[in-house]
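Pulled from TrEMBL:
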DOMAIN    76-292  domain 'YjeF N-terminal'
BINDING   126, 127, 128, 129, 130, 195, 196, 197, 198, 199, 200, 201, 233  (6S)-NADPHX binding site
BINDING   127, 191, 236  K(+) binding site
């Protein structure tokens, strides 16, 4: 796409963006390899005699950046011309795919709970358009985007992108509005200034903006989190083939190559290199002999090379949360739990009812697993399972257990301990028949925790039962399947705080003068 722009015009990242997007891994996966992956199956050795070899080759390409194809400027421009010529792509189609790819790559690495404030610096060409599209998608992903777009392109396509962002109240910041120190106000800086067709020296105001990005990595405070810099297709100011000629250019933390990496990407030394451009058809792959990694599942991006090695001991969060104070919690822990559970639901967390269940048998060896809460009232917390599995056996030997809810995005945990007993047969029967019929059949098929020769045993029996009850008749609940109820004797509500000074409020059930009541205690973190 950038090849359609004047070679002297400021931005040509459009070229990149248009011909480069970021999907995930269907780019070059042959149908006989991709289909089993989509179905969650592992291809067998004899599948056309080549699937395993092809899968190994794809994995090798993804892990080894040297095995991937890199484009020079002429090849990148030629691919743009083909895409927007005989292959029928429009600029806005390519830009939409490119921006979505960039947003997907950012979301892959940088969680909005930690890196919410995103400033996208857009140039006047297609690379800037990619940045505008990415910002719109990031907004829908839960980030807080800001735009700096000092030289707007007066074309309907770009006007439309600006209108879309303004309709979502995404702030557009002028050069004068930008804070002096970008690290104080933003967690992510997206470099969407120049694309692969740009050459020469950057002119104002982009020369100064590039230097501000450069300065962040030079003057970064090692005691303060520096904003992550993400460059689209090539770092702005780099030579498209030779890279950072002066050695004083932008040093991005992430590079999102589009369509195929440009030659300068071989000199990228940041932590995260992703590829987008899942729209590349076989004719282009064959014409240019492109060797590219396969995109995983339905993803719009795929990592190039291995993820950076992380020192596990250095992984830590400095939680920022409202204080959890005694005078602000509810006197009844069941009501306090319901309040926090409602908050988790309102935050859109995935499976907020997931809880770790810990049990111990007569041998004193504990075990834990995740189960789903299916009911809670003043009588206790209810879940359903196979009574003959390991947890059922342990509960029979020691009818005391512990539950743990962890709501990451809210920096909250709830621990609950108490005795356990089975719910009534009527409750179990009622819940069993409220489940999807497939889940009912699954409960019959699974002799939980027993050793089986292979997955095919489960599938074969499932198919037999599915056929047996295909007439819609009632599926009988197994006698070995039902619910448990834990009646709490202790609750602990944990709220993460700065410097590990976490809030821990514990509710203890005690009896005074023959009456039971809950006492609240604060525990040291």
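Each residue, glycine too, has its Cβ placed from N, Cα and C.
Those TrEMBL annotations? Automatic predictions, nothing curated.
Remember, it's a predicted structure, so these values are computed and weren't measured experimentally.
Overlay of TrEMBL feature records on the structure.
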residue	record	Cβ neighbours (10 Å)
126	(6S)-NADPHX binding site	35
127	K(+) binding site	37
128	(6S)-NADPHX binding site	32
130	(6S)-NADPHX binding site	42
191	K(+) binding site	29
196	(6S)-NADPHX binding site	36
198	(6S)-NADPHX binding site	31
200	(6S)-NADPHX binding site	9
233	(6S)-NADPHX binding site	37
236	K(+) binding site	26
Neighbouring binding-site residues, C-alpha within 10 angstroms of residue 127 (K(+) binding site) - of 196, 200, 233: 196, 233
Integer Cα-Cα distance in angstrom, residue 236 (K(+) binding site) to residue 198 ((6S)-NADPHX binding site): 9
